[in-house]
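Feature annotations, courtesy of Swiss-Prot:
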- C7, S8, G9, G10, L11, D12, S13, V14, S15, L16, A17: ATP binding site (BINDING)
- C185, C193, C196, C199: Zn(2+) binding site (BINDING)
Amino acid sequence: MKTIVVCSGGLDSVSLAHKMAAEQQLIGLVSFDYGQRHRKELDFAARCAARLAVPHHIIDIAAIGGHLSGSALTDNVEVPDGHYAEETMKATVVPNRNAIMLAIAFGLAAAQKADAVAVAVHGGDHFIYPDCRPGFIDAFQRMQNAALDGYASVRLLAPYVDVSKAAIVADGEKHATPFAETWSCYKGGRLHCGRCGTCVERREAFHLAGISDPTDYEDRDFWKAAVSQYSAKEVR
């Protein structure tokens with residue numbers, strides 16, 4: 001299938017891009033500048049596209065992101081430290097982010113006669129992000145079937161939606177993903193901070209997968225305390 005990958009430049013979506021390059025006909029990556037404080041992730045998406053020799057489109061929706069106030073990713077709100085599944089991480093929710101991005105990606109796919117859009121939502125996202133859950137993925141596919149009825153048929157591929165980030169690390173290793181060429185940290189500093197939810201999740205995933213983590217963290221050990229102290233109930 002001719003497939004476009006929504007790629008932020010993070011570990012999950014870059015691993016997905018390498019997976020799709022191996023298993024499907026990858027025809028491009030699409031990324032979004034929504035005014036995120038960790039915009040440097042887009043540089044890693046560009047490197048991924050160059051590495052896989054496919055076109056890379058960066059869609060500027062910063063004007064929209066500016067109206068989605070109250071998120072630590074787009075507003076003057078501190079990025080919390082701690083486990084990625086804790087209630088405090090709701091500060092990192094950008095309302096309707098995936099719905100907005102996927103709607104644009106599907107329009108792009110239809111215009112380019114692509115067969116599928118692939119997105120790297122995963123099981124670890126279910127706790128906090130409603131637009132990463134299986135119910136959302138299924139509902140979005142139904143909506144797009146109606147939106148493109150008679151014009152195009154585009155599938156939404158979410159191969160990681162029911163698996164852990166550790167499983168993504170293992171899959172990325174299988175498909176030769178250069179993990180050092182990915183960016184996760186929400187704070188967007190020179191190095192991964194090692195303390196925000198996505199850094200904790202990244203560090204834990206490599207540990208659980210039994211794969212060496214090449215990432216340079218400002219705080220390499222905080223994740224252990226964060227993981228030992230959290231409790232959260234998954235929502236699907």
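Heads up, the Cβ atoms here are built off N, Cα and C, so glycines get one too.
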**Fill in**
Filtered by Cβ under 8 Å and at least 6 apart in sequence, the residues in the chain of G9 (ATP binding site) near it are S31, K40, E41, L42, D43, F44, A45, A46, R47, C48, T182, W183
**Prompt:** Quick one: what's DSSP say for C196 (Zn(2+) binding site), helix, strand or coil?
**Reply:** strand
**Complete:** Within 10 A of the CB of C193 (Zn(2+) binding site), the number of other CB atoms across every chain shown is 21
**Prompt:** If you run the three-state DSSP split on S13 (ATP binding site), which class comes out?
**Reply:** helix
**Item:** Neighbouring C-beta atoms (10 Å sphere around the C-beta of A17 (ATP binding site))
**Value:** 29
**Request:** Give the distance between the Cα atoms of C7 (ATP binding site) and C185 (Zn(2+) binding site), rounded to the nearest whole Å.
**Result:** 15
**Asked** What is the one among the binding-site residues C7, L11, C185, C196, C199 whose Cβ has the most other Cβ atoms less than or equal to 10 Å away?
**Response** C7
**Prompt:** How many Å lie between the Cα of C193 (Zn(2+) binding site) and the Cα of L11 (ATP binding site)?
**Reply:** 15
**Prompt:** Sequence gap of 6 or more, C-beta under 8 Å: which same-chain residues meet both conditions with respect to S13 (ATP binding site)?
**Reply:** V5, V6, C7, A45, V119, A120
**Request:** Take the Cβ of S15 (ATP binding site) and count every other Cβ within 10 Å, whichever protein chain it belongs to.
**Result:** 27
